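S.K.: After the structure tokens below, expect a handful of questions from me.
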Amino acid sequence: MLPYPQIDPVALAIGPLKIHWYGLMYLIGIGGAWLLASRRLNRFDPTWSREKLSDLVFWLSMGVIVGGRLGYVLFYDLHAYLANPTLIFEVWKGGMSFHGGFIGVMLAALWFGKRNNKSFFELMDFVAPLVPIGLGAGRIGNFINAELWGKPTDVPWAMIFPPFSDPAQLPRHPSQLYQFALEGVALFVILWLFSRKPRPTMAVSGMFALFYGIFRFIVEFVRVPDAQLGYIAWGWLTMGQILCVPMILAGLGLIWWAYNRKPTAKPA
């Protein structure tokens, strides 16, 4: 069994102001995505300035934050937030939905593309390889917060999370680290290598949807579902898995469509 590193969720406190690691992970994810996007900017559109790229990253980040929070409210805990709407603003306590953030990003990309003469999938193909940076950082934030841990297990790398998070004090799968490895590292490598060569429009977006859906679906088998929801069906199906099914199907559909229509190869 591995010891859980006791990390204070507050990274820095200046008087009453507290800066949480969870929030810093979002900044790291956004900053890392911007740096990598700037490396590929000329391939995407040589006429774009760094300022326009910054605008794109800003609006997509807003989509992630707003969509992620609203998605969690709608998909995972609507009753609690209807009872106390101010909880929506307590983002440092966690409670973000990837699927909600993904919808927010799509809406932001659609809006930004129309204003800048770019198609929706042109932007999504450009952005998709950058997303795992934020996903990986977010999962590290979950780990530091000692939240979203896995089921009890006797594997050698099991961890006992702090009592405030897990009163049962059982050795558990560190499922946040599994998601970091799959959704952050593995997904980044797959998309970054795949998008290094010109691909048909929609192919990179399809690869993202397909592999994220597969990775998340797999990890959900060892991750404890949100207490207020539990399992949706059959004693094992979670809300996360339900939301991943359309992503997997959409990913397969986009890849098939990309390679079976008239080829229009463009750099991602």
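Cβ coordinates come from backbone N, Cα and C, glycine included.
Feature list, courtesy of Swiss-Prot:
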- 10-30: transmembrane segment (TRANSMEM)
- 56-76: transmembrane segment (TRANSMEM)
- 92-112: transmembrane segment (TRANSMEM)
- 120-140: transmembrane segment (TRANSMEM)
- 174-194: transmembrane segment (TRANSMEM)
- 202-222: transmembrane segment (TRANSMEM)
- 236-256: transmembrane segment (TRANSMEM)
S.K.: Using a Cβ-Cβ cut-off of under 8 Å, list the residues of the same chain that are 6+ residues beyond the ends of the transmembrane segment (10-30) and lie near it.
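M.R.: Hits for the transmembrane segment (10-30): 57, 61, 64-65, 91-92, 94, 133-138, 140-142, 144-145.
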S.K.: List, by number or range, the same-chain residues at least 6 past the transmembrane segment (92-112) whose CB is under 8 A from its CB atoms?
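M.R.: Contacts of the transmembrane segment (92-112) (Cβ under 8 Å, skipping residues fewer than 6 from its ends): 9, 18, 20, 22-23, 55-56, 59-60, 62-77, 118, 120, 123-124, 127, 131, 135, 138, 142, 145, 147-148, 212, 216, 240, 243-244, 247.
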S.K.: Six or more residues out from either end of the transmembrane segment (202-222), which same-chain residues have a Cβ under 8 Å from its Cβ atoms?
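M.R.: Distant Cβ neighbours of the transmembrane segment (202-222) are 98, 121, 124-125, 128-129, 131, 135, 150-151, 153, 173, 175, 178-179, 182-183, 186-187, 190-191, 194-195, 236, 238, 240-241, 244-245, 247-248, 250-255, 257-259, 268.
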S.K.: Could you pull out which residues elsewhere in the chain have a CB under 8 Å from any CB of the transmembrane segment (56-76), counting only those six or more residues past its ends?
M.R.: 26, 30, 33-34, 37, 88, 91, 95-109, 111-112, 123, 127, 134, 226, 228-229, 239, 243
